[in-house]
Structure formats: structure tokens, C-alpha cells
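Peer 1: Sequence annotations record features per position, and here TrEMBL assigns active site, proton acceptor to H143. What TrEMBL records for C151, C154, C187, C192 is Zn(2+) binding site. According to TrEMBL, the feature domain 'Deacetylase sirtuin-type' maps to 20-297.
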Amino acid sequence: MRTDSTPNYSDVVSATGFLRPRASRSMASFQEHLATSHRILALLGAGLSASSGIPTFRGAGGVWRTHDATQLATPTGFAADPVLVWEFHLERLEEMKNKGPNAAHRALSELASKNEQFLALTMNIDDLSERAGHSAESLRHLHGRLDDLRCNMCDLHLSKTDSAAALEPLLQNDSSTPLSLGDIPRCPRGECKDGLLRPGVVWFTEPLPQALLESIAEWIGDENDNSRRIDTMLVIGTSALVYPATAYIEGARKRGARVAVVDIEQEDPSLLGLAEQDWYFQGDAATLVPVMLGYLP
Ligand SMILES: [Zn+2]
């Protein structure tokens, strides 16, 4: 019987967190793994669009600095001052129109077109992935899209065409003429008397749409079903530390996935819960992602 008091190495490692194995930074080993990956899940965050010059929602500058998120992006903020909320979102829409997709958007779009077993979950509310050619079947907007409109009173969601038609006069509005309540489009349903149209994004305090979560859960599938193994999970331009990243990473891991994180922020991979089998690449998504995915423009 062994009686030595040498501690089990892995217990020591997990107890202190200090000696945890670090994620790999080897591009070659990632590319080798990707080449044999069949099912791939990607989570895309603000850092991806930041590479195109779109500031993060909270990072909006100018006059918006004097307002907080509860005034600009919550249902109560909209009820209190729909004009202010629309002005804020119109500026985001203008910004989106003036910027274009970058090489990372295009590389992901190409991966989607080559791989039927690929799904990208984006937390971005812009349309840069679509403009890079990413097909709707393999892209889910967790937080909705700025240019999709819906009613703030009833369950009406406008089609792309109707949303564009309703937005056109707002976007053409000369910024020297302040927006007024009368400019805000009304719900087209006759029986919905007080309904105002609002941007179809998920605001703070709002839950993610149930039908969307269900469609994602359906793609991810049962963890005991071997045909639903996930080979690779890409986490691009977002911290892997916050919900929903944590939940989707955990789900992918249970299905066998190795995780690759791309973030411009310097993060400690051990704090991200990454292990030796994972990858961590620090830097600009538009530079790193095309290399990772072998995208040749
Ligand atoms: Zn309505």
C-alpha cells in the first residue's frame, strides 16, 4: 500500500489554478485540427466588427457619453423617450452603413459556404456578416439586428423590405432637423393604436428570443448523440468569460469540442477556462481569422 504523501499533481493544479496548463498558441496545430473538423460552432462578438471600425454598443462616443444604457437601450428608456432612443439607434445605423465587412467576416462566410455543419452565433447587431456573403441558414443574431424593426406594443416583426421602407425617411432625415415624435414610424396594424416601431435588437433587461434559443439548441443537439459531436468551437472578438459565451463553450465542450479564442484584449487563457488542448490567439480578428481559416482573398 502506498503511503507516501506526494500530492496528486492534478489536484494541486486545479486547487491553485496557478499551474493549470496553458492554451496553445500554435497556428499550425489549430489549422491541422480545423482541417479534420466536421462540425464547427462559432461565437462572434463586438471585436469582429470593431476591426471594421464599428465601436462597441457601450463604446459610442460624443453626446451619448452623458447617457447611460438604461436611457438608450431598454424598453423603459424607449417608453420614456422614444425620440432619444431612436436618435441613438439611427446613429448606429449610419455607422453600420458607412462601414464594410473585413477579411474575418469574409473568411467566416467562406467557411460557412464550404461546410454544411457550421453555425455562427453572432452577438453583433450589424449586417456585416451578411454583406460578406454569410448565408442566413448558418448565422443567428443572438441580439437581433439594428435594421429589423418591430412594434413595441404587439408581437409584429416587420419583414426586411418593410423595415427598410420604414427606416428610409428616418435615415434621410437631415441631422440639422431634430427628430420628433411624429417622425417615428407607427405600428401598421390598425388595431394596435399606440404601437411605435422600434429597432429589433435585444436591449438590456430583455431576454433572448425563445424561438431563436430553441433553434440553436436544436442545431447543437443532444450531448449523448454521437452524430452531434462538435469538433471545434471558435470564439471570436468576445470575452469567453461572460454569458452566453460560457454556456455555449461548455455545451460545445461536452460534445467534444476543442476551443479557439481570438481576442484583441490580453486575457489570461487559464482564467478563460482554456486548457492545453485549446488555442488562444491574441490580436485583431481581421488579421488573425483569415490566417486561421486559410482564407485567401
Ligand atoms: Zn403593434
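Keep in mind that glycine also has a Cβ here, set from the backbone N, Cα and C atoms.
A TrEMBL annotation is a machine prediction, not a hand-curated record.
Since we're looking at a predicted model, the values are computed, not measured.
What does the local environment look like for each feature on the list?
Peer 2: For the recorded site, H143 (active site, proton acceptor), the DSSP three-state label reads coil.
DSSP gives C192 (Zn(2+) binding site) a coil state; it is part of no helix or strand.
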Peer 1: Please report the distance from the Cα of H143 (active site, proton acceptor) to the Cα of C154 (Zn(2+) binding site), rounded to the nearest angstrom.
Peer 2: 19
Peer 1: Take the domain 'Deacetylase sirtuin-type' (20-297) and average the pLDDT across it for me.
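Peer 2: So the average pLDDT across the domain 'Deacetylase sirtuin-type' (20-297) works out to 92.
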Peer 1: Given the recorded positions H143, C151, C192, return the subset with CB under 6 A from an atom of ligand 1, ordered by sequence, or none if empty.
Peer 2: C151, C192
Peer 1: Show which residues of the chain containing C192 (Zn(2+) binding site), separated from it by at least 6 in sequence, have their CB under 8 Å from its CB.
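Peer 2: In sequence order, the residues whose Cβ lies under 8 Å from that of C192 (Zn(2+) binding site) (at least 6 apart) are C151, M153, C154, L156.
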Peer 1: For Zn(2+), what surrounds C151, C154, C187, C192 with a Cβ no more than 8 Å from their Cβ centroid?
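Peer 2: Checked against the 8 Å cutoff, the neighbours are N152, M153, D155, L156, P188, R189, G195.
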Peer 1: Do any residues at least six apart in sequence from C187 (Zn(2+) binding site), in the same chain, have a Cβ closer than 8 Å to its Cβ, and if so which, in order?
Peer 2: C151, M153, C154, L156, G195, L196, L197
